[in-house]
Structures are given as C-alpha cells and as structure tokens.
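For reference, the structure is listed below as structure tokens.
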C-alpha cells in the first residue's frame, strides 16, 4: 500500500494543507494543486522549499519527477509566491536572484508572527493570518496614555531569555520553542554579510560567531536584537534599567510598531500592558503612541532608583564549584577560561 503524506502551503492568500499526496505524486500534479489552492497562475509560481528555503525547479522537465525525488517530504512547508508577469514590451526577466529568494523567505517566514500587526498600522488587515497577535487598545487616557499599566513578564533566567522575551512580545507565549529558529536566523544574517559583521564587531571571526550563537548556552545582546528587529520588521526598544535609558533598535527603519524588553544588566524580560483582567495582554504598540513609551521611561527610572539591576562590572560572584569569590563579569570569564568552571552565583 502506498503511504500518503501532506504538505503545507504558505502564501499571501493564506496557509493551506494539501493532504491527498503519496510517494508517487509528481511535481506536475502538485503544481496543479498549488494553483487551485492559491489562485496563482502556473507560469507565475515561485516556490521555496527546505530550511533555509531554496527555490524549487518548476520547469516542464521536472514535472514528471516524484515529490521525494525533488526534495519534498511529508510535513514539508512550501513558501509560495506569485512572480510579477512581465510587461508585453519588456524582455522576460532571467529569473529571481538569490537575494530575492532570501528576502522572500524572510518576509514570508516573519509574516506568520508579525505581518498582521504591520498591516494593521498601515493598511487593511490580512485575511491569511492564522491568528491575531495581541495589540494595544486604541483608547487613550489623560495626556495621551493608554488605559493600562505597563508590566514586566518574568521569563526563565536561562541563556535564551532574550529570545524567549522576543517570542512573548510577538505572539504572547512564554516558551523556548522559537529560540533555536531565532539563533539560526541570526547566524544566517551574519554569515551573509561578513563585511558588516567582521572580527571587530563580533569579537571573534564571522564563522566562529555563527557557530557560537547557535549554541543553546550562548547569550544574546545588542547585535542579536538589531538583527531580529530588522528580520521581523518591528522596532525593539530595550529598557536599560542600569542606565535608565531606552535603546531603540530599528528606529532608523521607521517601523510602524514597537515592542519593549526590560534589561537589568544580565537578564531580559518582556513588557506588556494589562488593560483589563479579561483582556489578553498587549505587547505590540504603534510607534506614534508616546504614552506607552513614557511609561517605559518611568519604569526604567523607578527600577534604577531602587537598584533593580546587576552591574556586570561590579557585582560579586561566587564560583559554585570551587567557592572562590570574583568581582565582575571579566573576572568570572577569566576564571571560567582557566578552570572550566561555569556555575556562578551572585552574592
């Protein structure tokens, strides 16, 4: 008996599951099903498959090949895009470039988590989204403030707190499922631009950094926030409570929406707005709404005044493996290099 399998289609029109496939289904047959599901003409189909997504050869010479032979397996996600039809008087383009494919993959992959909110800020709401992400209410209180309180959502104090926090502000979930994907996204971006991400910027070679950031025990910081801000098309404002300032990543890109993270010197937590006990927490806010930003500034000042931060240059640590006392991050790192000890506790 021939085993059946399915694939997922992700397109601007929406997301679809194609179930009635088997190991003998041809690429030509799948093309027909994609056309039926997405209403895109066969001659204008542009399909990406795999991770990182790569363009699928849809030429007539390939149409009789079985799906598995062209690299499509059960459970695969296919990113489907419509190529612009060439103008009658213009020469036919030679095809999309690698840069086009990478930009397309980033755009559609980010769409599942952030596109609906981007469109809410500047146009009609898309019908294709699987779910609506939390967004701040439009009602304003006195002085333009939102009718809600900006609060900290505590996330696990592990090596992925930055990625967990970003996942929460994008989709309202506290889990570690998106950390590996975000690390991979960052590594791809860095590897693709060795001139910008050189040894001086990274503190290590480009290749070493790309391997390092994909390890589960590597911390994220400014470089990673900047890349993810650009990838998701949203401003990420990091509220630095040690210095009582807000670092706006993506400010120069004029994004329409922003999220807030709280940083105490060693740990990130996401910020959200609670508008009522029954409403879902709001985590994404229009940039032009200054009331929320002012709340974040106030929170930073209050946290600094009460010293709710860790000064990584002056805090005192104890090595939990040999009981030696250390002052600051530099001493701790040097001790770790010399001894291999990695378990420290703050005193």
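Each Cβ is built from the backbone N, Cα and C atoms, and glycine gets one as well.
Since the structure is predicted, the reported quantities are computational estimates derived from the model, not experimental observations.
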Among 253-257, 258-262, 263-267, where does Swiss-Prot put the label region 'His-loop'?
263-267
According to Swiss-Prot, which stretch among 148-154, 155-161, 162-168, 169-175 corresponds to the feature region 'Cys-loop'?
155-161
Roughly how many Å lie between the Cα atoms of residue 161 (active site, nucleophile) and residue 266 (substrate binding site), rounded to a whole value?
10
Which one, from the recorded positions 161, 266, has the smallest tally of other C-beta atoms lying within 10 Å of its C-beta?
266
Using DSSP, tally how many residues of the zinc finger (317-341) sit in helix, strand and coil.
12 helix, 6 strand, 7 coil
